[in-house]
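K.L.:
Swiss-Prot lists these features:
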BINDING   Thr10, Gly11, Ser12, Ile13, Gly36, Asn38, Asn124, Glu126, Gly215  NADPH binding site
BINDING   Lys125, Ser151, Glu152, Ser186, His209, Ser222, Asn227, Lys228, Glu231  1-deoxy-D-xylulose 5-phosphate binding site
BINDING   Asp150, Glu152, Glu231  Mn(2+) binding site
Amino acid sequence: MRHLTILGSTGSIGNSTLAVVKHNPDQYTVRALVAGNNVALMTEQCLAFRPAYACMADDTAARTLKANLAAAGVATAVLSGVQAACELATLDEVDTVMAAIVGAAGLAATLAALRAGKRVLMANKESLVTCGRLFMNEARRHHARLLPVDSEHNAIFQSLPEPLQRGLGYASLAKHGVSRIVLTGSGGPFRQTPLAALATMTPEQACAHPNWSMGRKISVDSATMMNKGLEYIEARWLFNAAAEQMEVLLHPQSIIHSMVRYTDGSVLAQLGSPDMRTPIAHAMAYPERVPSGVAPLDFLRLGTLSFAQPDTARYPCLQLAVDASQQGQAATTTLNAANEIAVAAFLHGDIRFTDIAAVNRRVLEQISLPEPDSVEEVLAIDSQAREKARQSVIHFGQ
């Protein structure tokens, strides 16, 4: 029986994680749930899974949740704030932590889980985009087990030999016969939209992903392919990959989730329906397997699997991320922070779809900072980048 803390339980990944728990009640128990301000959904989750603890982002949400649970006769202890989230990520009785809080907000609790030597299921890609070196070093120092949950990184992990799985983040790809890691991406809903029309695309159109069911922020990131750019940065840290060992391909069907090229000419790929329950179930059970509730692939109904090179004119955010990864963590932290502000502004109707890349590029050009050596320095860069991005949003929104 594994005992879980779920950081980000009310988000898309958190809900899918709880679906896997529900499918395997004899294998998992939920000890703590941590979320932002979605009190209604957190109330439902506490009623269904009866965790010992629940934590909300602020006192107001926590008070409302506490009243809801008291009225329902549920004895879950309700906490609030970042420090409480960190404490729930390090509970003695918890062995596995799902790190699924979107954005920089999840950094502190994820790092706390690593320092406590937990088995950390990494779904918060921003942790590695902003703190890759620090996080990988802390995982190694405290003997924490880091398992990737993103469908692409989980696919790569499954396609790697066991010594590389054990030596995540520092083992040599070349010494174990790996020549390249191939990240695949659907290209999002605007893959075939005329370039001249991209500026007029609406948030609703950007969030209509053809294959995956995701939250609004990550849906926009998929449309710009910033999501793939962040995954590129994350993959370099997770798999100790140099730029020349990385490759990105468009794969519109989202059936092959990523691939690994070997020096003998072999290519290993992980295939599956585009459903996050599959990589979540794999990470939760590794090295064993448990049912995820996902229907198996029907190869007779699949049709054609196609591939193409990403077009940098259509996806400038992808190239910004690749370039930032070469510059270092100050640049990747800056890009991630600017992008969060830009996407929020687009979803709010303040800027156009094509302005997202323009804001990101402008902020990268305006900020030049030394490499961070601590979470505090990362957060300082993050804060500066957000302020510059807010100014840029005003500039482009005029």
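Every residue, even glycine, has its Cβ placed from backbone N, Cα and C.
Remember, predicted model here, so these are calculated numbers, not experimental data.
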K.L.:
Work out how many Å separate Asn124 (NADPH binding site) and Glu231 (1-deoxy-D-xylulose 5-phosphate binding site) at their Cα atoms, rounded off.
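P.N.:
Approximately 10 Å lies between the Cα of Asn124 (NADPH binding site) and that of Glu231 (1-deoxy-D-xylulose 5-phosphate binding site).
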K.L.:
Since the record lists Thr10, Ser12, Asn124 as binding-site residues, which of them has the fewest other Cβ atoms within 10 Å of its Cβ?
P.N.:
Ser12
K.L.:
Report, in whole Å, the straight Cα-to-Cα distance of Asp150 (Mn(2+) binding site) from Ser12 (NADPH binding site).
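P.N.:
Given the Cα positions, Ser12 (NADPH binding site) is 12 Å from Asp150 (Mn(2+) binding site).
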K.L.:
Rounded to an integer, what is the Cα-Cα distance in Å between Gly215 (NADPH binding site) and Glu231 (1-deoxy-D-xylulose 5-phosphate binding site)?
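P.N.:
Between the Cα atoms of Gly215 (NADPH binding site) and Glu231 (1-deoxy-D-xylulose 5-phosphate binding site), the distance comes to 16 Å.
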K.L.:
Report the nearest neighbour of His209 (1-deoxy-D-xylulose 5-phosphate binding site) in space among the binding-site residues Thr10, Gly36, Asp150, comparing Cα positions.
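P.N.:
Sorting the binding-site residues by distance from His209 (1-deoxy-D-xylulose 5-phosphate binding site), the top entry is Asp150.
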K.L.:
Among the binding-site residues listed here, Lys125, His209, which has the most company in the form of other Cβ atoms within 10 Å of its Cβ?
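P.N.:
Compared across Lys125, His209, the most Cβ atoms within 10 Å surround Lys125.
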K.L.:
If you measure from the Cα of Gly36 (NADPH binding site), which of the binding-site residues Lys125, Glu152, Asn227, Glu231 is the nearest?
P.N.:
Lys125
K.L.:
For Glu152 (1-deoxy-D-xylulose 5-phosphate binding site), which residues in the same chain are close in space, meaning a Cβ under 8 Å from its Cβ, but six or more apart along the sequence?
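P.N.:
For Glu152 (1-deoxy-D-xylulose 5-phosphate binding site), the qualifying residues are Leu183, Thr184, Gly185, Glu231, Ala235, His257, Ser258.
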K.L.:
For Thr10 (NADPH binding site), name the DSSP secondary structure in the helix/strand/coil scheme.
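P.N.:
The residue in question, Thr10 (NADPH binding site), is coil (DSSP, three-state).
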K.L.:
Any same-chain residues 6+ apart from Asn227 (1-deoxy-D-xylulose 5-phosphate binding site) with CB under 8 Å of its CB? Would you list them in sequence order, or say none?
P.N.:
Gly185, Ile218, Asp221
K.L.:
For Asp150 (Mn(2+) binding site) and Lys125 (1-deoxy-D-xylulose 5-phosphate binding site), determine the Cα separation and express it in whole Å.
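P.N.:
On Cα coordinates alone, these residues lie 8 Å apart.
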K.L.:
If I take the alpha carbons of Lys125 (1-deoxy-D-xylulose 5-phosphate binding site) and Thr10 (NADPH binding site), what is the distance between them in whole Å?
P.N.:
17
K.L.:
Give the sequence-ordered set of same-chain residues, not counting Asp150, Glu152, Glu231, with Cβ within 8 Å of the centre of the Cβ atoms defining the Mn(2+) site.
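P.N.:
Near the Mn(2+) site, the remaining chain residues are Lys125, Pro148, Ser151, His153, Asn154, Leu183, Asn227, Lys228, Glu234, Ala235, Ser258.
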